Amino acid sequence: KGKSAGKKAVSRSSKAGLQFPVGRIARYLKKGRYADRIGAGAPVYLASVLEYITAEVLELAGNAARDNKKNRIVPRHIQLAIRNDEELSKLLGDVTIASGGVLPN
């Protein structure tokens, strides 16, 4: 029963090839009582979606930082990245970013 001798545990994140924590997201889904039961694939899918959106925002924010000749991404760069991208702006339309400032005209 259980793990056979010397068998290392492999995280669900690494199985799915993700950086985001599938196990933690599964725990949050269960704890949050969003539904009585959570399918095995749901946290994997949600983790991959969150990872994709994060990567997209970071990519654009990195470009914004580089355009401003900066090596570090600050909230202002994230704000510029989101507001200059039509789809992200629509998705995060009601979101306020602290120290984000406004778009220049």
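Quick reminder: no glycine exception, Cβ is built from N, Cα and C everywhere.
As recorded in TrEMBL:
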DOMAIN    6-83  domain 'Core Histone H2A/H2B/H3'
DOMAIN    86-105  domain 'Histone H2A C-terminal'
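Within the domain 'Core Histone H2A/H2B/H3' (6-83), the DSSP-based counts of helix, strand and coil residues read 50 helix, 0 strand, 28 coil.
If one looks beyond the domain 'Histone H2A C-terminal' (86-105) by at least 6 residues along the same chain, the residues whose Cβ comes under 8 Å of a Cβ in the stretch are 53, 56-57, 60, 74-76, 78-80.
Per DSSP, the secondary structure of the domain 'Histone H2A C-terminal' (86-105) breaks down as 6 helix, 0 strand, 14 coil.
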